[in-house]
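Annotated features in TrEMBL:
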{"type": "TRANSMEM", "residues": "26-49", "note": "transmembrane segment"}
{"type": "DOMAIN", "residues": "41-289", "note": "domain 'G-protein coupled receptors family 1 profile'"}
{"type": "TRANSMEM", "residues": "61-82", "note": "transmembrane segment"}
{"type": "TRANSMEM", "residues": "102-120", "note": "transmembrane segment"}
{"type": "TRANSMEM", "residues": "140-158", "note": "transmembrane segment"}
{"type": "TRANSMEM", "residues": "201-225", "note": "transmembrane segment"}
{"type": "TRANSMEM", "residues": "237-260", "note": "transmembrane segment"}
{"type": "TRANSMEM", "residues": "272-291", "note": "transmembrane segment"}
Amino acid sequence: MNYANQTWVQNFVLVGFTLTQSLQTLVFLGVLSTYLLTLAGNLFIIILVQADSGLGTPMYFFISTLSFLEVWYISTTVPTLLCTVLRGPLPVSPTVCFTQLYIFHSLGLTECYLLGVMALDRYFAICRPLHYHSLMGGQVRVWLAAASWVTGFSVALVPTCLTASLPFCQMEIAHYFCDLAPLMRLSCVGTAWHARVHGTVIGVANGCNFTLILFLYGGILRAVLRLPAAASRAKAFSTCSSHIMVVALFYGSAFAVYVGPPRGQAEGSDKLIALIYALLTPFLNPIIYTLRNKEVKEAVKRVTHRLWAVLKGC
């Protein structure tokens, strides 16, 4: 580590991953391909939901909102990951570093709340089918999505401002983007209190939403098991399976990094786990939501036929 003679460093350095020259090109192309496929997959969902009226239900509104979020979420960290893979350690100013920290955690917390809203949507669809469209009408779903964004960007101010207020004596961040635990390791002073506050804020935000999701899916499970026909039960479970997979990926990795004690983690392990929720999850979400979804496949056929008709008319 390099030590500065002052309590505020002029620049941080993102160390990234240490790779041999033979692996650099391979990893760079792999990450770039994953990034471009993630953008394409999420933009595909957004465009398809807008283009086909058959996907005008609240569920697909929230899925398209999640896809919009994922485009920005992955774009917050992948550029610095690509730079560190290709060129090695990357200098970043404190302003850029803390801006990245804030945006990343704002989007992450927004996704946390949005997943809770999506679980609520599934609960109303299965447990309150007769009132579903009134409970999740156009204005209601817009307000729920907007509340997720506002709350996420508001809560993220707490850990960001606390971390930015620390004096830093070291400059090398053992990560590929600016994150809480790697930054706190560079502080000149003890950060136990800051770590407890971070863990409490993020833990409460994640924990409350995760508890809500478990409660809602408990209600869904009871309602589904009461259905008389096996086919009806299978259809109900199929509408929830994609969301459950996304929740498991997101919350599992988030709890591993942000809720546990920072000192209990080996230095550098957080950037490996970060690849799951910052790169892999946004890549898998479009696949999970579309791969076995008959409604999406039918929508693709309808949009393709309309597009083909327009092209033939020209």
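Residue 1 is the first one shown; counting continues down the chain.
Cβ coordinates come from backbone N, Cα and C, glycine included.
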Interface-richest range of 26-49, 102-120, 201-225, 237-260, 272-291 toward the transmembrane segment (61-82), CB pairs under 8 Å
26-49
Across the domain 'G-protein coupled receptors family 1 profile' (41-289), what does the mean pLDDT come to, as a whole number?
87
